[in-house]
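Here is what TrEMBL says about this protein:
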DOMAIN    A:10-271  domain 'HTTM-like'
TRANSMEM  A:15-38  transmembrane segment
TRANSMEM  A:71-100  transmembrane segment
TRANSMEM  A:112-130  transmembrane segment
TRANSMEM  A:151-171  transmembrane segment
TRANSMEM  A:205-226  transmembrane segment
TRANSMEM  A:233-266  transmembrane segment
TRANSMEM  A:300-319  transmembrane segment
């Protein structure tokens, strides 16, 4: 896992990779959060909506209001800077993890795989001694300084990267991606404005090249990054791949940069020491130059095994659901499925009074932001939540027994739109659940 | 080789490249979302956008300007001698101007959005009590964004010129003066905003528009496709569905319809849908329909074109005036409503998806 010859999680290794990871993660988060704020998204996403889509089981996470959400954002932005500088590190990383995760849990609408990745990495960093060198904490208390850390502290980060890449690769092994080159074939013509490559964007073979290269890259890049002989070349591929993604799909946001920076963790200690030496700043000589030790190593081994098992198994939970994953999206999130689908929908809802039979067509715009409506229109769990919300709202308006019916049309990966859910099912009477929603209609087979 | 990959060399390259891209990505969009890419190369898309700009949108605004001028002349006659005949004399011009607006309702982006043209010219139903109190006191401000939207534009004229007892009210020697002034103020503001829109298109927006070849939010194609869905949504809801009682368990609110007082709601709806079709086809030259063909989505395009015909025919089949048909011939309205919804679904789902158009700026990792 760590490229060692001897399998030993607690073998001491130089701390440098961990320090570089901490600094780059902190800085990247700092600028990402500033960007998010600067673009007005804090208000647009967490203040303006009248209703938020919760995660099942996390309904208690609520938007805290205009002032509080901005204070919270300010706190984690500052915490990100503290993490980079290694100042009050343990407090900063806990604040960052809790704050960031809380914000992400407010609304399903904004779910992104790399936000999940950031939450996981922040969680991992809580337990790692990443501030034990090249940090203000060490400047203030030199006795904390450590030259070496157990190998697993770096290995766990590499493992997390491997999970992201390999599952992203496995997710691409489907007929739409490999045989139809969808959604690339739909998305690339939208990039025909690009200089030089623009005219190629209409060619089907280019979509196939993108698709297959992407799948092969995701599946195997980790192994080339782990190998001493191929690492540098592999990293050039990392750069090329993610910069290309950033150019072709700017809407993907920070993901390419997160991966470019995080992939440095695969480089050996010497590389990271070299990098750090260029910072031109070194804390005062320490009193002792130690190896960081974890007490009760067996407990850490168990914790690592549990975490690793979760990371491997959780993305596979989709196997327990019937029918097509992309259509039903049951077990879709938190599984490193990135840029896999072109999915669009239109949803019409009617609320009927169970006692009088009176019918009211719903104007979605009155309840949801355009982004929320778009996301809701293609995702069954969001459709159900929205229907429950509508039932509550219309009950307040005086409808005795509100029944909610959805006429939803969805188009997926170049297929024509089709009815998505059973329009005769009263969604208000359906429960949120972990098991399959049998009111979802089957995915259409035909393709234009 | 070894030297090339010496960590410092590699890192020296990584930092600026990554930083530059980061900055580029973070700052790439201006605040109003317009994207002007000087390196744009796609000839098809460019020709299509030139067609929209030069043959549909800009002439549409000019037509609106011309018909507003004509309307003003006819209204002046009415105001100088209010009578049933001078009122009747206004109606064809009013309808022509209103229909000219329907032809430019869709391109509500760029200059029109900057002028808030649609909000000002066509927020219906009109806020009658506010209009009346403004006239009574002579104290009103038509420039206030949002709050003054329902006090002016075509809906206000519709009410003031064709509402119940309109001629008598205009003829009133006391209150008539304020009323005439109000009508003139409304007309002048409509003309001013239309002129501003025309000028801004000519002054620079045309160039921005035809060179924006992306399909993201703020791009010209993005605007067009999103507005196709928006107009269809407005036709389904505010123009037909809401007055028909779709939101209110069949309780009809005929006076909420567009052009209720002049009883031209149906004609306006037909004009609106015909205009949406024109924005889809680009007229006889390159349009979204040809773009779909280019993308190999010919069946989809055929289906959309067929559904336009079905929906327009269904609208035409409603007996005029629409306000009476809501209660007198609900089956025809219901049929039109259904066909409009089908068309909306095709445009908002299939066409938007096939063209890869996005609806907003938020980061998105692929649904």
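Numbering starts at 1 and runs along the chain as it is shown here.
Glycine too: its Cβ is placed from the backbone N, Cα and C atoms.
Scored on C-beta pairs under 8 angstroms, the neighbour of the transmembrane segment (A:233-266) with the top count among A:71-100, A:151-171, A:205-226, A:300-319 is A:205-226. Listed by sequence, the residues of this chain that lie at least six past the ends of the transmembrane segment (A:15-38) yet keep a Cβ under 8 A from its Cβ atoms are 73, 76-77, 80-86, 89, 96, 100, 118, 121, 125, 128-135, 146-149, 153-154, 157, 254, 257-258, 261-262, 264-265, 267-269, 272-273, 275-276, 292. Among the stretches A:71-100, A:112-130, A:151-171, A:205-226, the one making the largest number of Cβ pairs under 8 Å with the transmembrane segment (A:300-319) is A:151-171. Nonlocal intrachain contacts for the transmembrane segment (A:205-226), taken as residues 6+ away from its ends with a CB within less than 8 angstroms of a stretch CB, comprise 3, 158, 161-162, 165-166, 168-170, 172-173, 177-178, 181-182, 184-185, 188, 233-235, 237-238, 241, 263, 266. When pLDDT values are averaged over the domain 'HTTM-like' (A:10-271), the model yields 95. Cβ atoms under 8 Å from those of the transmembrane segment (A:151-171) belong to residues 1-2, 4, 8-13, 17-18, 21, 113, 117, 120-121, 124, 128-130, 215-222, 226, 259, 262-263, 265-266, 292, 300, 304, 307-308, 311-312, 315, 335-338, 340 of the same chain, restricted to positions at least 6 beyond its ends.
Away from its own ends, the transmembrane segment (A:71-100) comes close to residues 19, 22-27, 29-30, 33-34, 36-37, 42, 64, 115, 118-119, 122-123, 125-126, 130-131, 134-138 of its chain (Cβ-Cβ under 8 Å, at least six residues beyond either end).
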